[in-house]
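Trainee: The FAD binding site annotation in TrEMBL covers Thr47, Ser48, Thr192. Summarising the annotation, TrEMBL assigns D-dopa binding site to Tyr241, Arg301, Gly329. Sequence annotations record features per position, and here TrEMBL assigns domain 'FAD dependent oxidoreductase' to 6-342. The annotation signal peptide is assigned in TrEMBL to 1-21.
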Amino acid sequence: MTDNHFLILGAGVIGLTTALALRETYPSSNITIVAKHFPGDRSIEYTSPWAGANWASMAHDNGPLENYDRITFHKFSEIAEKWCEAGIGRMGMWGIFDGSLEEVGIVTPETGKIWYEELVGGLRRLKDEERPEGSVFGLEFGSTFRINTQVYLAWLQNQVLSRGVSLVRREYTSISAVLKDFPKATLLVNCTGLGSLKLEDVKDMNLYPTRGQTVLVAEPKVPIERMYFRSPKRIDPETTYVFPRPLGGGVILGGSRQDGNWSGEVDMELARDIMERCCKLCPELGKPEDLKVIAHGVGLRPSRKGGPRIEVEKLSNGVPVVHNYGHAGAGYQSSWGTAEKVMKMVKKALEPSARL
Ligand code: FAD
């Protein structure tokens, strides 16, 4: 039997994770990642380096979205335990909400429960005196994950390289053009994030950017012992967050959610507002004027009406294409779960009956 030659288009957190999952599933296959950007690059067209990032599920569908995040949580557990250099660390979090439990969108309607309560080691209701003024309720997450995106992306890239995956840096205008350059490819996984809005043979009009701005500040002398998050709803333009990153990653302050905004320019007024909100939420940071700003960040979340697209399509030359894009603000926390779903689709697409 000939070995498969897999192509992955895209080298963000989704493309790199997919490559590792493919290597695990098909140990003797050829795998090539083709992308315009790789870890280390900073571009408004490359979302992954700009993420916060942490694991704080937004899913409440009692279905696939919860499952993607659950699988990823377990995988993050394994990574954090085995590879302390991967840039993923455990940490508790205070989630503060400015609306009632029913309003904030964290309960799964079908079950009436917060599905990840057990997974994160319990959710303790904060006492009134622990919460900032004006908030309605707060939850302490026992233990979840924070990610130093700079370290984690480089680690993922090292993992794929050490497993014999080839990297090719190129920009393409269509998937058909990629397949033309790699005639031996048996299957392509499309992990281009927002790029799928522009690829001529994908042009997914359900995709749109959700702009997010962050401020990276120096770690204060008194360590911050937990992550903080405050919002009227779980997904809201006014969400404020403070994530102390592991391994010298500083502290990331956010945030903003601006749907349809493509601007890669830093909005200094918004940056000042973020710093003020974060200092109010996390007193360990001190006053806004005490913050030592290291960098401002702007990234575009690959949002998609209908959720992430994970499905098979056959283009005109007959090579199956498995799409894996549109992870919005959950690309890290759902990465391993969506890669697992992709593996199921790859297996199915390669069955002899599917090749007819
Ligand atoms: P990208 O990282 O954009 O990668 C796309 C890849 O495709 C790149 O390599 C690019 O070069 C390549 N590509 C695209 N088009 C082409 C083409 N035509 N030819 C060749 N190559 C191409 N997620 C979380 O889970 N937790 C968080 O706390 C979190 N916080 C966030 C905070 C902010 C401010 C932002 C902006 C995002 C946040 N996210 C978070 C979301 C997360 O960052 C994204 O979901 C994720 O990075 C998307 O990854 P991706 O690999 O799909 O896309």
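Going from the start of the chain as shown, residues are counted 1 onward.
Glycine too: its Cβ is placed from the backbone N, Cα and C atoms.
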Trainee: Between C-alpha atoms, which of these binding-site residues comes nearest to Thr192 (FAD binding site): Tyr241, Arg301, Gly329?
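Mentor: The smallest Cα gap between Thr192 (FAD binding site) and any of the binding-site residues is with Arg301.
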Trainee: Using DSSP with the three-state reduction, classify Arg301 (D-dopa binding site) as helix, strand or coil.
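Mentor: Once the DSSP labels are grouped into three classes, Arg301 (D-dopa binding site) ends up as strand.
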Trainee: Excluding near sequence neighbours, so keeping only residues 6 or more apart in the same chain, what lies with its CB under 8 A of Tyr241 (D-dopa binding site)?
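Mentor: Spatial neighbours, sequence-distant, of Tyr241 (D-dopa binding site): Gly52, Asn54, Met227, Tyr228, Phe229, Arg230, Ile252, Leu253, Gly254, Gly255, Cys278.
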Trainee: Tell me which residues of the chain lie with their Cβ under 8 angstroms from that of Ser48 (FAD binding site), as long as they are six or more apart in sequence?
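Mentor: The answer is Gly12, Val13, Ile14, Pro39, Thr149, Leu153, Gly331.
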Trainee: Relative to ligand 1, which of the binding-site residues Thr47, Ser48, Tyr241, Arg301, Gly329 have a Cβ found under 6 Å from one of its atoms?
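Mentor: Listed by sequence, the hits are Thr47, Ser48, Arg301, Gly329.
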Trainee: Any idea what the Cα distance is from Arg301 (D-dopa binding site) over to Thr47 (FAD binding site), rounded to a whole Å?
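Mentor: Distance (Cα to Cα, whole Å): 6 Å.
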Trainee: Express in Å, rounded to the nearest integer, the largest CA to CA distance found among the D-dopa-binding residues Tyr241, Arg301, Gly329 named in the record.
Mentor: 16
Trainee: Measuring Cα to Cα across Thr47, Ser48, Thr192, which the record gives as the FAD binders, how far apart are the two most distant ones in Å?
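Mentor: For the residues that bind FAD, the greatest Cα distance is 11 Å.
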Trainee: Can you tell me the three-state DSSP label for Tyr241 (D-dopa binding site)?
Mentor: strand
Trainee: Determine which residues of this chain, when Thr47, Ser48, Thr192 are set aside, have a Cβ within 8 Å of the centroid of the FAD site's Cβ atoms, and list them as they appear in the sequence.
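Mentor: Leaving out the recorded residues gives Gly10, Gly12, Val13, Ile14, Gly15, His37, Glu45, Tyr46, Cys191, Gly193, Leu194, Gly195, Pro302, Gly331.
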